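Novice: Sending over a structure as structure tokens; questions will come in a sec.
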Amino acid sequence: MAAKRTVLEVLKGETVSPPPLWMMRQAGRYLPEYRETRKRAGSFLDLCYNPDLAVEVTLQPIERFGFDASILFSDILVVPHALGRDLRFEEGRGPLLTPIRADEIDELDTELFHVNLAPVYETVRQLRRKLPEETTLIGFCGAPWTVATYMIAGHGTPDQAPARLFSYRESQAMRRLLAVLAEQSAAYLIRQIEAGADVVQIFDSWSGVLDEASFQAFCVEPVAEIVRRVRAVYPEVPIIGFPKGAGFNYASYRSLTGITGLGLDWTVPLTAAKALQKGGAVQGNLDPLRLVAGGRALEEGVAAILDTLGDGPLIFNLGHGITPETPIAHVEAMVKQVRSRR
Ligand SMILES: Cc1c2[nH]c(c1CCC(=O)O)Cc1[nH]c(c(CCC(=O)O)c1C)Cc1[nH]c(c(CCC(=O)O)c1C)Cc1[nH]c(c(C)c1CCC(=O)O)C2
């Protein structure tokens, strides 16, 4: 019998015990083998566009921890890069782009989009061939709003004030930008699925900074558009949405976008998470700093999630990406605790 991909079962609404697990940013700087490959690659973007090395780092956490899902190694900002915007990553400063002006939005160059992203599709193809049969391969993109925040500010900011201001002052341009990003991101996900991705995740990391009307217009509607476009081609492929920080908007995000699984950040109370789980699979939501701290903080955090959400469709994960200072022994302890649950 073929080995089962438990993440896919959970996304169909089944309860799997112990729950499947993986970690956001599981290939990253907390791993010495990642840092070693990263050095050989040159820049971070060189690594993203080098299929052999991107495959290598994607597989590292699978080989070390046996996670149930593997996420393509890339970055959400390859999408604006492939649309002709310049992009650099500077050590300790994160991504740097030239801020886009309203009058440049219609000049975004979609012609070479898939040509520029061909190395990513090649990475996905190689990964599906090399991963264990039972490991689910997750492709991803950033949500249009989150990608737009970096395109507009040119770098990360604590509250995305530049993008929010832009959206009020240049509302037509903002809608146009989000529409282009939704269309291209959907095409990007479709190509990843074609290449072998079993699931796709949409990272909406900055959905928590918007008021009600803006949340509807800039988060919900563009993501709903991506879901419609992907489903028109691949109706069976599950889509995980992760509207980090969405708070009271979490429930409507699932119902209004049509996503299959809902990623929860660590601030979502477990009682609320339990209610959200009635609507379908949830993924999350351990505070990544419990994993840094280890010991009782880690054990209690893991136990609380398993006790509350373990009897329903759950993909165990962190509530955001793992941080570079996380000790590997703590990851091992977390995996052991989750896997020893029946
Ligand atoms: C907002 C965002 C970005 N990228 C991403 C998001 C959404 C998720 C989130 O909120 O964290 C998504 C992302 N970035 C990366 C992945 C790879 C897959 C994975 O293992 O999860 C994924 C899914 C690799 C990466 N993306 C980045 C790194 C670190 C770069 C390095 O190795 O030098 C990695 C492994 C760089 C990056 N990329 C981005 C930032 C802000 C930074 C700098 C912060 C940092 O350095 O950690 C943009």
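In case you wondered, yes, glycine gets a Cβ from its N, Cα and C as well.
Here's the feature list from TrEMBL:
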type: BINDING; residues: R25, Q26, A27, G28, R29, D75, Y150, S205, H320; note: substrate binding site
type: DOMAIN; residues: 20-29; note: domain 'Uroporphyrinogen decarboxylase (URO-D)'
type: DOMAIN; residues: 138-154; note: domain 'Uroporphyrinogen decarboxylase (URO-D)'
type: SITE; residues: D75; note: site 'Transition state stabilizer'
Novice: Given the binding-site residues R25, R29, H320, which one has the fewest other C-beta atoms within 10 angstroms of its C-beta?
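Specialist: Sparsest of the binding-site residues R25, R29, H320 by Cβ contacts within 10 Å: R29.
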Novice: Just to be sure I understand the packing, how many Cβ atoms besides its own are within 10 Å of the Cβ of A27 (substrate binding site)?
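Specialist: Excluding its own Cβ, A27 (substrate binding site) sees 25 Cβ atoms within 10 Å.
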Novice: Let's check the environment of D75 (site 'Transition state stabilizer'): how many other CB atoms sit within 10 Å of its CB?
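Specialist: D75 (site 'Transition state stabilizer') is surrounded by 18 other Cβ atoms within 10 Å.
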Novice: For the domain 'Uroporphyrinogen decarboxylase (URO-D)' (138-154), provide the mean pLDDT of the predicted model.
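Specialist: The average pLDDT of the model in the domain 'Uroporphyrinogen decarboxylase (URO-D)' (138-154) works out to 98.
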Novice: Rounded to an integer, what is the Cα-Cα distance in Å between Y150 (substrate binding site) and D75 (site 'Transition state stabilizer')?
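Specialist: Approximately 12 Å lies between the Cα of Y150 (substrate binding site) and that of D75 (site 'Transition state stabilizer').
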Novice: Checking the binding-site residues R25, A27, Y150: which ones have Cβ within under 6 Å of ligand 1?
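Specialist: R25, A27, in sequence order.
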Novice: Measuring Cα to Cα, how far is R29 (substrate binding site) from D75 (site 'Transition state stabilizer') in Å?
Specialist: 14
Novice: Could you give the maximum C-alpha to C-alpha distance in Å for the residues R25, Q26, A27, G28, R29, D75, Y150, S205, H320 that bind substrate per the record?
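Specialist: 22 Å is the greatest Cα spacing among the residues binding substrate.
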Novice: Could you give me three numbers for the domain 'Uroporphyrinogen decarboxylase (URO-D)' (20-29), the DSSP helix, strand and coil residue counts?
Specialist: 0 helix, 1 strand, 9 coil
Novice: For a quick check of packing: other C-beta atoms within 10 Å of the C-beta of Y150 (substrate binding site), how many?
Specialist: 28
Novice: In angstrom units, rounded to an integer, how far apart are the Cα atoms of A27 (substrate binding site) and D75 (site 'Transition state stabilizer')?
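Specialist: Rounded to the nearest whole number, the Cα-Cα distance is 12 Å.
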Novice: Going by DSSP, is Y150 (substrate binding site) sitting in a helix, a strand, or coil?
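Specialist: Where Y150 (substrate binding site) sits, the three-state DSSP reduction gives helix.
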